[in-house]
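Enquirer: This is the feature table in TrEMBL:
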COMPBIAS  1-12  compositional bias 'Basic and acidic residues'
DISULFID  Cys185-Cys200  disulfide bond
DISULFID  Cys270-Cys285  disulfide bond
DISULFID  Cys309-Cys324  disulfide bond
DISULFID  Cys350-Cys365  disulfide bond
DISULFID  Cys417-Cys435  disulfide bond
DISULFID  Cys429-Cys444  disulfide bond
DISULFID  Cys476-Cys491  disulfide bond
DISULFID  Cys516-Cys531  disulfide bond
REGION    1-20  region 'Disordered'
TRANSMEM  90-115  transmembrane segment
Amino acid sequence: MALPYHGDEDFARSGSYSPEEGIEPVRRIKSAMNGNDIVVFENSNQSALRHSNLNGQSRGSLWERFMGRVQALKDYLSNTCCSFLEDVPAIVILITAIILILALLAIITIVIVLINSSSQAHKAGSVLRMQRTHAVWPSVEEDDSLSLQLIPASALLPPNVSICDGFGFSCTNLPSLVIGTSQRCDGVADCPDGSDEIGCKACQTMFSCEVFSSNDKSAHLMCLRGSSLCDGVSDCADKSDETRFCRKDCVKGELRCNGTAMCLPNELVCDGDVHCRGGDDELNCEGKCQSGSRWCKRSKRCIPKWQVCDGVTNCADRSDEMNCSCKECSGSGKALCENSKICLDRSRICDGIVDCPNGDDEKQCPGSCPRPPSDVTDDNLLCADGKRYNRKYACSGLLKQCQDKCLNCDAEIAFTCKNKKCVPRAMVCDGMNDCGDGSDEAKCDCGVLERAGNVIRCGMTSEHITQKCIPALRRCDGYEDCPGGEDERNCDNCNANPKAIYCNVTRTCFSSTKRCDGFEDCPNGIDESGCTCEECRKQPYAMYMCSASARCFPRSRVCSPFSRCPRATGIDKLFCANKARIARSEL
């Protein structure tokens, strides 16, 4: 049956309607977004959508007209393929479409950037920021969770030492590894993926040839060192590395390499890079180095510019690491002494050995205790290795580098030989001539000692076939004279030596050298509690003083891998987090 048309009374719009025979009942759908009526005609073959405003005139706003089209599209899709859209508001479909379009555009942009970045060269001198800079590292809790607190890594460096962040080349497959500016395009791949030698616009080497990128068809340079020239292997597409200098007849101004058919122009001579098989091109330079290389007086040779200011000493007088800029001293694992402009390997900062002329690399280090000026002369000796040691250890006979530096041996832990040499007390009467003059093995017969006074017979051990006897006054003095250490056990006190440490838990006496050495010898930790900087400084190895507790540990043992400091502070945690990061980077 045909439906009557009531005109504007039904639709509230001007228009016309002509029903046809056989059409299914009309379903009127109210647009949820714009208030317009949508009339849907359905039959067994098709579903047709018509907007109620059939005369093409729109009385609504632009937004209403746009939403009307969205609604129409939604209804079309819900009636043809996607029936679940019938209950979805048109605005939700619109927002979803916008999000999908933006996501697609973002993906396309990222793909384009990644493709271009893999082949483009990092221009010398330009500033490069890593994806995650090593300028900040999180503090790490013992449960292996990362704290939200970020502490600048500069807190681990002395104030006048810089890590020269902002220069260098970040490896494509390992952004945390930064190659120094002078090592970028130097003819040797330093990145695991070799990206530091890809897409070069300029070379550190004096020879290069063009290569073409498969991505953008643009020309880049392949940088080759002297050892790659005239070696029988064509590295360049045009074979110029095997033809340009490979000839027997040299012209005026060229250097002929002895024993090989190779002629070098003047600019390839005395540049630090050996081109001739016998090194002829680097002989007799006499300080006249070219192409950024530096003259080394000790070895009388030129240091190539990629080995200048790289943190590695190639010249005995360290002249190749002096007068460096941050740009030259850039890259992972390097640091610059700002006042003296010396480039160092990062591992040499705060290692207890002075490398900067004014000691800047060892000043105000995390966990260090500043030495008062009196320490230099009163309680320390300068030994043969250039380091200062507490007099007690220097004169203990344990440090070979300090032999012949002591006028008197330490009475508590050392034996003074007739020749004034110091040997540890444990080496006395052990059957070995440690003094050199035999004085440490004289008067070792137990019978002689017993006749001379009160003695203690030590127990027999597998290492000592003969029995050792010691004077009774050495009983419970903190030093183990007996090979088994029984002379320091079952003690009521340590009155024999006021400096000794008494552990009432085990009734044992320990030497004063055990105090604040980072190792708990007494179960209750009395030998390691309440430590002061003065006590920690006495140890012969580098110590770490915890920031918020009176404890100190050897720097090599303070991290395991988390900080062992009681009530560890952010600096204590950062020290260990950075140490773990460096260890991982060296794997």
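Backbone N, Cα and C define each Cβ position, glycine as well.
Please treat TrEMBL annotations as automatic predictions, because they have not gone through curation.
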Enquirer: If I take the alpha carbons of Cys200 (disulfide bond) and Cys350 (disulfide bond), what is the distance between them in whole Å?
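Expert: Answer for this pair: 36 Å between alpha carbons.
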Enquirer: For the C-alpha pair, I'd like the distance in angstrom between Cys491 (disulfide bond) and Cys324 (disulfide bond), rounded off.
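Expert: Given the Cα positions, Cys491 (disulfide bond) is 61 Å from Cys324 (disulfide bond).
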Enquirer: Take the Cβ of Cys285 (disulfide bond) and count every other Cβ within 10 Å, whichever protein chain it belongs to.
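Expert: I get 19 for this one.
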Enquirer: Might you list, by sequence position, any residue in that chain lying six or more from Cys444 (disulfide bond) with a Cβ less than 8 Å away from its Cβ?
Expert: Val428, Cys429, Lys468, Cys469
Enquirer: By CA distance, which of the disulfide-bonded residues (Cys185, Cys309, Cys365, Cys516) lies nearest to Cys417 (disulfide bond)?
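Expert: Comparing Cα positions, the closest of these disulfide-bonded residues turns out to be Cys516.
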Enquirer: Of Cys417, Cys516, the disulfide-bonded residues given in the record, which has the fewest other CB atoms within 10 A of its CB?
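Expert: Across Cys417, Cys516, these disulfide-bonded residues, the one with fewest Cβ atoms within 10 Å is Cys417.
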Enquirer: Relative to the Cα of Cys309 (disulfide bond), which of the disulfide-bonded residues Cys185, Cys285, Cys435 has the closest Cα?
Expert: Cys185
